[in-house]
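Annotated in TrEMBL:
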| type | residues | note |
| --- | --- | --- |
| ACT_SITE | ASP234 | active site |
| BINDING | LYS61, SER165, ALA166, PHE167, LEU168, GLU239, ASP254 | ATP binding site |
| BINDING | ASP254 | Mn(2+) binding site |
| DOMAIN | 129-278 | domain 'FAM20 C-terminal' |
Amino acid sequence: SWLQFHLGITRDGLYPRSSPTVSRLLRDMRDLTTISAVVKPSGVHLKLVLRFQDFGKAMFKPMRQKREEETPEDFFYFVDFQRHNAEIAAFHLDRILDFRRVPPTVGRWINVTKEILEVTSNEILQSVFFVSPASNVCFFAKCPYMCKTEYAVCGNPHLLEGSLSAFLPSLNLAPRLSIPNPWIRSYSFDGKEEWEVNPLYCNTVREIYPYSNGNRLLNIIDMAIFDFLIGNMDRHHYEMFTKFGDDGFLLHLDNARGFGRHSHDELSILAPLSQCCT
């Protein structure tokens, strides 16, 4: 199902509107046996790459927050937790809106002992497993920020809920560009970007290639509307397949910081729409 998914990618989206392949892929990610696990290099949060018995791969993000918890008002968006269920919900919303730009994502209970520890050959990953005082099996990963023992994730005692997102084709087969979002936010405690203080900022963007022609700016606005609906303030870059050129679709990746405050509408996310459509 992974190969069929990859072959179905077009300039219009990651999969066709009516795609039995997506249903099979979701089922496979939920049910297939894992045969290897490695840590996905990351500067912030723990993520694993799981490989399955059919050699397909998916990104595993573990559950860190209970569903009823909301992001505290005093949290900055760049230190917010990543929520596995936000990845799942973002996939379904993206599909409902007919964007088809989020990789297929499904929830799964993982036995961290049998499906991660016992199948990994990575000695570093093996070394960070431990049993908590509550007799739950836990692990963490080594990275600069939130990958220490105090940020470990734990099974109950072995089972851990998380999200699995299907891998896209390798960069060797399908190169992608990572491009800074013109409406990127300031990642400091007191700074502001130009778009936050200049209501005419879009006039500047319109003069810059590739936003000066084609549908790139319209795709940015679509992405902003999607991010507003999920409450994602962390869209600092976007990716595109190089094969489809300047008018290809924008990938809606990394949505785990969405749905943090379900009772709050962050209107600033809509800046591309409000500043460009006047």
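From the backbone N, Cα and C atoms, a Cβ is placed for every residue, glycine too.
Just so it is clear, the model here is predicted, and its values are computed rather than measured.
The structure, with features from TrEMBL marked on it.
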residue : record           : Cβ contacts under 8 Å, 6 or more apart
LYS61   : ATP binding site : HIS45, LYS47, GLN82, HIS84, GLU87, GLY162, SER163, SER165, ALA256
ALA166  : ATP binding site : TRP2, PHE5, LEU25, MET29, GLY56, LYS57, ALA58, PRO103, PRO104, THR105
PHE167  : ATP binding site : TRP2, VAL49, GLY56, LYS57, ALA58, MET59, PRO103
LEU168  : ATP binding site : HIS6, ILE9, LEU14, PRO103, ALA174, ARG176, LEU251
GLU239  : ATP binding site : ARG176, LEU177, SER178, ILE179, LEU250, LEU251, LEU253
ASP254  : ATP binding site : ASP234
Where ALA166 (ATP binding site) sits in the secondary structure, as DSSP reduces it to three classes: strand
Candidates SER165, ASP234: member of the recorded positions with the richest Cβ shell (10 Å): SER165
Secondary structure composition of the domain 'FAM20 C-terminal' (129-278) [DSSP: H/G/I, E/B, coil]: 44 helix, 27 strand, 79 coil
Arithmetic mean of per-residue pLDDT over the domain 'FAM20 C-terminal' (129-278): 91
Cα-Cα distance maximum in Å, computed over every pair in LYS61, SER165, ALA166, PHE167, LEU168, GLU239, ASP254 that the record assigns to ATP: 20
